Each structure stands twice: as C-alpha cells, then as structure tokens.
Amino acid sequence: MATAGVGKVLNSTDKQTNKAGKDKDVWVWKTRTEKARKTEVLREIDQMELKIKNLEREKTTHLYSKRSDFRQQFCELEDLEMKGNTDRKTEKVRLRQQLDKMRGMVKKFHIQLKDVKPTPEFLEKLKVTMEEIETTISAFKDQRRLDYEELLRDERTLTQEVTALEKKMDAWAQGPAGVAMETKGAKTKNLSVKNNVMKDLPPEVAAFERFLAQTGGHQGGWDDYDHQAFLKTRTKFRGKAAFLDEAVRACPGRTIGNVRQHESWYQEYTTLKERKKEAIANWRKKKETEKEDLLKQADEDSSSDDEEMLTARSKQMEQEREEKRKQLNAWKVQKELQRAQDEERKLKEELSKAKQQEKERERQAAVRAQVEEYRRQRQEEEEEQRREQEERHRQERARKQVMGAEEMSRFQERDQRMVEEKLAKEKAREEAMKEKNKRLERLKGQVEVKVERDRSRLYQPTALWKQRNKEIGPSGGGRVLHMTHRAVPNWRQGV
C-alpha cells in the first residue's frame with residue numbers, strides 16, 4: 001500500500017513538473033505580451049497628458065489671463081476648476097491607496113498559494129483570506145458603481161446644457177449671414193437656424209448616438225466590471241438562454257430581470273453598431289461622389305459669363321462654408337469611428353485578459369485538486385495504517401488470551417500439586433509424631449524415674465553469676481603516651 005502511494009505521488013510529481021514547464025513558457029509569453037501592452041498604454045497616456053497640458057495652457061491663456069476683458073466673469077469658473085482639481089487629486093490618492101491595499105492582499109494570497117500545506121488549518125486560512133479579498137473588492141466595486149452613476153447623470157446634464165448653448169450660438173451666428181444673403185439677392189439655399197451636429201450625420205449614426213445617450217453609454221448603465229463579466233459569460237455560453245443564471249451569479253447585486261434587460265439592450269446595441277459601421281462606409285462613398293460632382297460643376301461654371309460667375313462665386317462661398325461644416329462633421333464621424341475601433345480593440349483585449357484569467361483560475365483549481373488528491377491519499381494511507389495497527393492489536397490480545405488460559409491451567413495444576421504435596425507432608429509429619437509418641441510411651445513403660453523436690457537448689461548462685469562476681473584487677477600500668485583526638489582543620493591549627 002505504501003509503495004503504491006509513493007508511485008502515485010511520483011507520477012503526480014512528474015505531471016506537475018511537465019505542466020510547470022508548459023506554464024513557465026506560457027508565463028514568459030504572457031509577460032512579454034503584457035510588457036509590450038503596458039509600454040504601448042504608457043506611451044499613449046504620455047501623449048494624452050501632453051495634449052491635455054497644451055489644452056490647459058491654451059485655455060489658461062485665453063480665459064484666465066489678467067489682460068483678458070472677461071477676467072472678472074471667469075474668476076468664478078477658475079475657482080470651480082481649482083476646487084475640482086483638488087478634489088480629483090484627493091480622490092486619485094484615495095483610490096491609489098485602496099488599490100495598493102488590494103494589490104498587497106492579492107500578492108500575500110499568491111505567496112500563500114506558492115507554499116501550499118495540506119492541512120485543514122491552512123485551507124481555512126486561505127478561505128478567510130479569499131473572503132477578505134472578495135469583500136474588499138466588492139465594496140470597492142459598489143462604491144465605484146455609485147460614483148460612475150453620479151458622473152453619468154452629471155455628464156447627461158452637462159451634455160444637454162452644452163447642446164442648448166451650441167444651438168443658441170449657432171442661431172446667433174447664422175442670423176446675420178442669412179440677412180446679408182437676402183439683401184444681395186443671391187440664389188442661395190435656406191440654411192437652417194438649428195445647426196445640430198446630428199443633422200448632418202447619417203441616420204444610423206444619429207440613431208446609435210441617441211441610443212447611447214438614452215441608455216447610459218457603451219455599457220448600458222452598468223459598471224465596467226459587471227459588463228465585462230456579462231460579456232464573458234455570454235461569450236462562454238455563445239448567447240444561449242442558459243447563460244442568464246450564470247450571469248446573475250457572476251454579477252453580484254444583479255437580478256435575473258436586470259440581466260434579461262441588459263441582454264435585450266446588448267442585442268439592440270450590436271445591431272445599431274453594425275448599422276452604424278455600414279452607414280459610415282456608405283457615407284464616405286457618397287462624400288467622394290459629391291466631391292467629384294462639385295469639381296465637375298466648378299469646371300463647368302468657369303466657362304460662364306460674369307453674372308453667372310458672380311452667382312457661382314456666391315454659391316462657391318456657400319458651398320465652401322457647407323463643405324467646412326461637412327468636414328467638421330466628417331471629422332467628428334471619423335473620431336467617433338476611431339473611438340468605436342478603440343473600444344472594439346479594448347473589448348478584444350479585455351476578452352483576452354478574461355480568458356487568461358480563466359486559464360489562471362483553472363490552473364489554481366488544478367493545483368487545489370492535486371492538493372486535495374494528495375490529502376485524500378494521505379488520509380487513505382493513515383486509515384490503512386490504523387486498520388493494520390488495530391488488527392495487530394487484536395491478534396496480540398487474542399494471543400495473550402490464549403497464553404493466559406494456558407498459564408492459568410498450568411498455575412492451577414501447580415497449585416494442586418503443591419497442595420497435595422503439603423497434605424502429604426502434613427500426613428507424614430502426623431504419622432511420625434504418632435510413631436514418636438508410641439516409642440516414648442514404650443520407653444516410659446520400660447523405665448520409671450522418680451525425682452525428689454529440693455528447693456535449696458533454686459537459691460544457689462549460677463556459674464555465670466559466680467564468674468561475674470570475680471574481682472578483675474588492672475590489666476596494665478604506666479603513663480598513657482597517646483590519646484586519640486578528632487582531626488583539626490589546617491585553618492584552626494595553632495589557634
């Protein structure tokens with residue numbers, strides 16, 4: 001049994017060694033990929049920070065300059081901005097502290113996993129650590145969800161206010177131009193007073209933007225963690241209805257109704273996004289065609305008379321303004337397309353990261369399964385040893401019982417024999433005593449002894465008393481030359 005257990009342990013050790021080699025290669029690849037991605041992200045962050053600094057410098061130059069005519073009106077705005085910057089810095093420091101705390105807890109948990117001990121105390125300790133990490137992350141996530149919801153509400157409010165202000169400013173800018181064109185009598189197209197950005201966009205793009213504004217952005221009002229967990233679960237089950245229950249378990253705080261509603265939103269989101277991509281592609285083709293038509297029309301107008309040239313010039317100026325407006329809208333559409341592509345790339349990266357995390361969890365589950373298997377084998381071996389030990393004890397007790405019965409019979413025989421011998425000796429002694437008495441009786445019968453009483457014999461001194469009463473003289477004489485004394489210590493000699 002012990003040899004079989006050792007064989008199992010050796011086989012599992014070989015498998016773990018092979019798997020460790022593969023995991024090491026995967027880990028090296030992951031490290032390189034992660035390093036390259038971090039480098040790219042850091043480079044992009046540096047570029048964005050540089051752009052932000054330039055925009056901040058330009059804004060400060062135009063708005064907060066002491067030579068500005070509107071310095072007094074912008075003081076309140078400057079105070080609000082300073083307060084907002086201070087709040088952001090404080091929030092950033094607080095978030096960094098919380099992230100450092102969670103990172104430290106996760107690192108500590110990883111260190112504990114490297115030195116796994118198959119004991120109930122260690123497993124209980126790991127369980128407590130995991131619960132603490134999960135509680136901390138859940139609390140952090142809930143707080144972030146509340147902050148994001150508040151920011152989304154503020155963003156929607158600000159967007160509505162900015163849109164209203166843009167409409168007013170466009171109406172102000174459009175009014176004098178329309179009057180001037182009418183006074184000249186030029187044949188121009190009626191420009192709309194309401195210059196909304198969505199007007200020149202394709203209907204599909206406008207519908208997609210309205211859908212995002214009404215439903216809470218690209219995540220449907222959910223936070224990033226829940227939305228990514230929803231996407232991962234949906235991808236895992238390939239959109240089947242069975243993924244709803246799994247998504248509820250993967251997103252704490254969400255009900256089955258929330259998940260169904262989010263699934264409906266995501267399907268509509270995907271459909272509108274595909275329509276938007278197709279509309280942007282068609283819009284580009286249409287703009288190229290219009291550009292070619294304008295060039296041809298410009299060539300034809302160059303051969304007309306002066307009046308037609310004046311009219312063409314007016315039209316050209318209007319077309320230039322329209323073209324600039326369209327270019328602005330095209331730039332916005334291009335930025336929106338680029339943002340959509342960036343979001344798609346980010347989504348792919350997050351899905352890849354989720355897959356890697358799933359593999360890591362599977363690896364940890366395999367390690368835990370190996371630890372559990374090792375613990376189970378140890379328990380089986382200990383149980384087998386305990387049974388063998390109990391069997392040996394039982395056999396030893398049976399052997400002692402047999403030996404005790406044999407010894408008991410032997411002791412009983414010995415005691416019986418000793419009793420019989422003792423009785424025989426007693427009987428022989430009694431027989432000898434009877435024989436002796438009979439012999440004495442016979443001797444008494446043969447000899448008759450008569451002794452007279454003499455009391456004076458009792459008062460005579462005995463020989464011992466006479467010897468004691470003899471006078472003992474001195475055995476020697478002269479001076480005593482030496483008398484024994486106790487030994488005197490060296491330190492008392494001469495005192």
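Every residue, even glycine, has its Cβ placed from backbone N, Cα and C.
If you look up TrEMBL, you'll see 123-168 marked as coiled coil. Under the heading compositional bias 'Basic and acidic residues', TrEMBL lists 287-299, 315-326, 333-394, 407-437. Residues or ranges marked as compositional bias 'Acidic residues' in TrEMBL: 300-309. Under the heading region 'Disordered', TrEMBL lists 1-23, 287-437.
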Averaged pLDDT, computed only over the residues in the coiled coil (123-168): 84
DSSP-assigned states of the compositional bias 'Basic and acidic residues' (407-437) in counts, ordered helix, strand, coil: 31 helix, 0 strand, 0 coil
DSSP-derived helix, strand and coil totals, residue by residue, for the compositional bias 'Basic and acidic residues' (315-326): 12 helix, 0 strand, 0 coil
Secondary structure content, the compositional bias 'Basic and acidic residues' (333-394) (per DSSP, counts of residues): 62 helix, 0 strand, 0 coil
